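Peer 1: Mind having a look at this structure? Questions to follow.
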2 protein chains.
Amino acid sequence: MEVLETVPLHAQAQVQGATSSSMFSIDAVIALCVFFALLSACIIIGHLLHGNRWANESITALLLGLLSAGVVLLCTKGKSSRLLSFSDNLFFLFLLPPIIFNAGFQVKKKRFFKNFSTIFLFGVLGTCISFCIISLGVFWLFRKLGVTALGVQNYLAIGAILSATDSVCTLQVLSQDETPFLYSIVFGEGVVNDATSIVLFNAVQSIDFSNINGLIALKLLGTFLYLFFTSTALGIAAGLLSAYIIKTLYFGRHSTDREVALMMLLAYLSYMLAELFDLSGILTIFFCGIVMSHYTWHNVTESSRITTKHIFATISFISETFIFLYVGMDALDINKWRNAKASAATSIAISSTLLGLMMIGRAAFVFPLANILNFTKRSDSEKIVFRQQFIMWWAGLMRGAVTIALSYSEFARTQKTSAKDSALMITCTLIIVLFSTVVFGSITKPLIEAVLLRHRKPAVSDATDIPSLEDLRLLFVETGDQGDQGNNEMPKRSSLSLLIRYPTWTVHYLWRKFDDKFMRPVFGGRGFIPFVPGSPTSTADEGPENP
Amino acid sequence: MEVLETVPLHAQAQVQGATSSSMFSIDAVIALCVFFALLSACIIIGHLLHGNRWANESITALLLGLLSAGVVLLCTKGKSSRLLSFSDNLFFLFLLPPIIFNAGFQVKKKRFFKNFSTIFLFGVLGTCISFCIISLGVFWLFRKLGVTALGVQNYLAIGAILSATDSVCTLQVLSQDETPFLYSIVFGEGVVNDATSIVLFNAVQSIDFSNINGLIALKLLGTFLYLFFTSTALGIAAGLLSAYIIKTLYFGRHSTDREVALMMLLAYLSYMLAELFDLSGILTIFFCGIVMSHYTWHNVTESSRITTKHIFATISFISETFIFLYVGMDALDINKWRNAKASAATSIAISSTLLGLMMIGRAAFVFPLANILNFTKRSDSEKIVFRQQFIMWWAGLMRGAVTIALSYSEFARTQKTSAKDSALMITCTLIIVLFSTVVFGSITKPLIEAVLLRHRKPAVSDATDIPSLEDLRLLFVETGDQGDQGNNEMPKRSSLSLLIRYPTWTVHYLWRKFDDKFMRPVFGGRGFIPFVPGSPTSTADEGPENP
C-alpha cells in the first residue's frame, strides 16, 4: 500500500558501501535528514524575516524547497530532483487534518458565528459560483488551446481544484486586532472554501457522467448538501463525545498526558471516520475542533489547556511549512515536465488562461455577494466598503497545497484520460501555485498596506465590530446581565423584538441560553460564566484561541 | 520504499463498491479507524484500571491487540489476521525516538547523575555480560534442540536481541517518591540497556564473521566504544545547538509555536543524523533530551515550557501504547506461524530455553555487580540490600518492543539464513515477549508489594538518598552556599579532600561550577540559581521532569 510511499527519494542515487550497520535504507535517512534540516532552516529564516515587507514563511519554504531541489538536480546532473515526491495521500491523511483542526480549535468562535452568514455565503455559494465559472470557462476555452483529451468529469474537477483558495499569505498580513472583521471573514471563508471545494471535488468524483441529463446538476447539489450536513454532524458528535468522556471519566483525578492524548486521538478518529463513510473529513474535523474548544477544553486541567492550545498550533505550523517546502521540492521534478511534452508556450498559455479564469471567477462572486449583503444591512457602518471587497477578492487569488493535492488525486492516478494531457494539467497546476504564491503572495503585504492602512481615518470602514459590542451591551442591559441566575424570568417579549432588530445576536443569545441549560450540564465547558482572570484565555472571548 | 509500508492492512479483504468517492484506499482508512479507536479505548481502559493490582496499560494494550487480531481472524475465517503488520522501520523511525527523547527530557538529572556509576555499570557491563551468556547458551543448546541453520552472527544477534529489557511494567509499579533510588536505577538502566543492546546489535551486524579469529572480540569492543562515545557527543552537540539558536535568535521576542517546533525538529534531526552516520540514534536522542532539558528548556517562554513538558510525555505515552497494541495485533499473524513449520512442542522448548537463559543471564550480573558495588560503599545505608537486588533482577525480565523490532530486523529480511529457522526465531521472540509481558508483568505489582512494601520499617533499605542530601548540605556549608558569588575564592584544598570523601558529589559540584562559569553564559539554562516559586518545576530539581 502506498499510504506513505512518499518517504521514497533520491531514487537513482548510487549507495556506496553497502556494509551500513544502520537498520534503514540510506536514502530514506538522507531524505529525512535533509527535510528536517530544511524545516528547521525555514523556521529560523522565517523568524528572521518576521516583519519583512515582501517575504513570509510560506514563500521562504517554497523558495527553499525549489533551491534544494535545484541542488539535487545539479548533483545528479539533471537525472533526478526527486528527494521527495508529493503524495496526495500523505497530504490528506497527515498534513491537512491538523491544520484544519487547529483552525477550528483556535477560531474566535464569537466572531466566527457573528459573521456566520457572511462567511457561509462567501465560502459555500461563492465557491460554487467560482466552480461553475471556471468549469464553463475551461470547457469553452480548452479546445481552442489544443487540449482535447479531457472529458466533462475532468472539466468539473478542474473547476473544483482551482476553486480551493489558500489564504495563508493574506492572514499573515492582516491583523486580527486592527481589522477584526476582515480577518474573521478571510479566515472563515478560507476554511469553508477548502471544505466546499473538497466536497465539490468528491461529489464530482462520485457521480457517473456517462449519461448526462438535466438531473446531473440537481444530483450534484444533493450530494453536496448531504456531504455538508452529515460531515458537520459527525464532527459535532465526535467533539461532544470527547467532552463527555473526559468530563465523566476524569472527574476528580486528572492526568494531562491522557487528556491531551485522548483529544488528539478522537479528533483524528473523527477525520478518519468521515473518510470511512465517504464524507468530508475536513468539515468534520473543523467542527470537531470548534466543539472541543467550546466544551472539552474546559473539562481538562490547566496544564492540558496550555499544552493543547500550543501544541495544536505548533503541529499545524509545522504541517504548513512542510507543505510549502514539499510543493517547492516537487515543482522541479524533471520527469513531470518531461511527461507533459508540451512546449513552454502551451504551458504558459494554459496557465495564464486558468489564472485569468480564477480571477474572473472570484470577482464574479465577491463583488455581487458583498453588495447584496450591503442591501440587508441597516447602518452604513456595517456595510462592506469597496476597499474591503477588494481585499476579500485578493485574499482568494493564491492557490496552495489543497489545489496541488486535488490535482494529483485527479490526474496522477487515473488512467481515464490521456497521459499527456494529464501531465500537462499537473504542470499547469504547479505553475499556478508557484506563480500565485510567490508573485501574488509577495505583493500582498504592500498592497494591503496601501489599500487599508493609508485610508484608516474613518475607523468605521472596519467597524462592524463596534455595533456588535453595542448590541451585546444592549442585550445584557435588557436581560439584566445575570448570566446563570434568573434565566427563567427573562421576558419573552424582549427576545422577540430583539430577534427582529438584531437577528444574529438574538440567535447567538438564544443559543447561549440553550447551551447553559442543556449542553453545559452534560458536556461541561465554560459556557456563559464570567471571564476568570489569570486563565489562559486572556480575552473575554471563550476558548483557546490566541489573544 | 517501504519506510512506512505498515499502514497496509487487511490484505485480502474484498472491497465492494469501487465507486468510493474517498481519495484513499478503503483498507488504509478502515485500519487507521480501528487503530485510533483501539488506542483511545486503551487510554480509557487504562485509566479505569488505574490502581488495579494485576493489570496496567501495557498489558491492556497487548490484550486488546490480541483480541482485535482474533476478531479479524474470525471475520476473515482464518485467512488473515493482518489488520497491521509490525514494521521495524516504523518502530525505529517514528515510535522509539519520542519515547527515548522523553526519557532523557524528563529524567531527574540530579538523581540520574548521582547514580551514574551504578546505572552505567548495570546498563553497559551488565548488558554485555547478559549478551555473552545468552549467545554462548544459544550456541551450546540450539544444536541439541534441532536448530542447525543458524551461524555465529545469528547467535550473537540473538544475544543482543534478548538482552534488550523492557522495564515499563516495573516503572509503572515503582513509586518515584517512595523508592527514589530503585526507581532511578531501574529507569536509568532501562534506557542505557536499550541503547547498549541496540549498539551491540549494530556492532554485530557490521562485523564480518567469515574469518573468525582472536581479534573479533576486541573489534566488537572497539566498535562498541566508538559508537557509544560518538553518539553521546552528537546528542550533546545537537542539544547545545538548539539551546544556542533559541537563546540567540529569540531574545526579546518569543514565539511559542516556533520554539516548540524547533525543539521537536532538532531532536528528531539529531536522531536521523546519528542514523545517517551509522551511530546509535537512541543514545544520541537520549543525551539530546538531557541537554535540552538542562539548557534549551530554560531559554523558552513559560508556555513553551509547560507545552514541551507535557507534549513530549504525551507523544511518548501514545507511542508506548501504540507499540504494545501493535505487538498484540501482530502476534496472531497466521502466516508467521505457518512459515515457522515447527510443532508447538519445538516452539515451546526453544522459547523456554531462551527464557531460562535470559533469567540466568540477568542473575549473572545483577547479584555479582550489586555486591561488588556494596564493597565500595562506606556506610551500610548506601548498600544495595538483597531485596533491592531481587527487584532489579525482576525489573529486567520483561521483553518488549525493542526485542521484537531487532528480531524482525535480523530474521525477517535477510536471506542469509534458512527461512524456516528464521521464521521460528521470530515466533519464539513473540512467545517470549507475550509471555514475559503478560505473566511476569501482571505479577510484578503484587511481587514488588510483597518484597518491598511489607518490609518498609527500616526506611534505610532505600535510603541512599539521605546521605546524599547530607553530602549536598556539607558541600554547601563548606563552600559558603553562595551559588554564583564567590566562586573564585573557593579553597582548592576543600575540593580535593571532598573528592576523596564524596567522589560523585564533588564531580557533580565541579561540573556545576564549570556549568555556571562557561556553559550558562553561552547556552542559557537555569544552572545553579535558586528555585523560583511558581515556575513549572515545583521541586528544587532543575529541569522539566514531573514532580
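Note that Cβ sites are derived from N, Cα and C of the backbone, with glycine treated the same way.
Feature annotation from TrEMBL assigns domain 'Cation/H+ exchanger transmembrane' to A:55-449. Positions annotated as transmembrane segment by TrEMBL: A:28-49, A:61-78, A:90-107, A:119-142, A:154-174, A:224-246, A:280-298, A:310-328, A:348-370, A:391-411, A:423-448.
Give me the lay of the land around each of these features.
Peer 2: Using a Cβ-Cβ cut-off under 8 Å and counting only residues 6 or more beyond its ends in the same chain, the transmembrane segment (A:61-78) has close neighbours at 10, 12-13, 34, 38, 41-42, 45-46, 321, 324-334, 434, 437-438.
Here the transmembrane segment (A:90-107) has Cβ contacts under 8 Å with residues 3-4, 6, 187-188, 191, 194-195, 267-268, 271, 281-282, 285-290, 292-293, 297, 308-309, 312-313, 315-316, 319-320, 322-323, 401-402, 404-405, 409, 543-546 of the same chain, all six or more residues outside its ends.
Tertiary neighbourhood of the transmembrane segment (A:119-142): same-chain residues 112, 148, 150, 152, 155-156, 158-160, 162-163, 184-185, 188-189, 191-193, 195-197, 200, 224, 228, 350, 353-354, 357-358, 360-362, 364-366, 369, 373, 392, selected by CB-CB distance under 8 Å and a gap of 6+ residues from either end.
Within the same chain, residues 56-59, 127, 130-135, 138-139, 142, 182-183, 186-187, 189-190, 193-194, 196-198, 200-201, 204-205, 209, 320, 354, 357-358, 361-362, 391, 394-403, 406-407, 410, 417, 425, 429, 432, 437, 440-441, 444-445, 448 sit at least 6 positions outside the transmembrane segment (A:154-174) and bring their C-beta atoms closer than 8 Å to a C-beta of that stretch.
A Cβ distance under 8 Å defines the sequence-distant neighbours of the transmembrane segment (A:391-411), meaning residues of its chain 6+ beyond its ends; these are 58, 86-88, 91-92, 95-96, 122, 154, 157-158, 160-162, 164-171, 174, 182, 185-186, 189-190, 193-194, 197-198, 201, 323-324, 326-327, 330, 358-359, 362-363, 366-367, 370, 384, 417, 422-423, 425-426, 429-430, 432-433, 436-437, 440-441, 444, 447-448, 451-452.
Beyond its flanks by at least six residues, the transmembrane segment (A:423-448) meets 53-56, 58-59, 62-63, 66, 147, 150, 154, 158, 161-162, 166, 169-170, 173-174, 324, 327, 330-331, 336-337, 339-342, 346-348, 350-351, 354-355, 358, 391, 394, 397-400, 403-404, 407-408, 410-412 of its own chain at Cβ-Cβ distances under 8 Å.
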Peer 1: In the same chain, which residue numbers or ranges, 6 or more beyond the ends of the transmembrane segment (A:310-328), come under 8 angstroms Cβ to Cβ?
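Peer 2: Here the qualifying positions are 35, 38-39, 42-43, 46, 57-59, 61-69, 84, 86, 91, 94-96, 98-99, 101-103, 105-106, 168, 260, 289, 400-401, 404, 430, 433-434, 437, 546.
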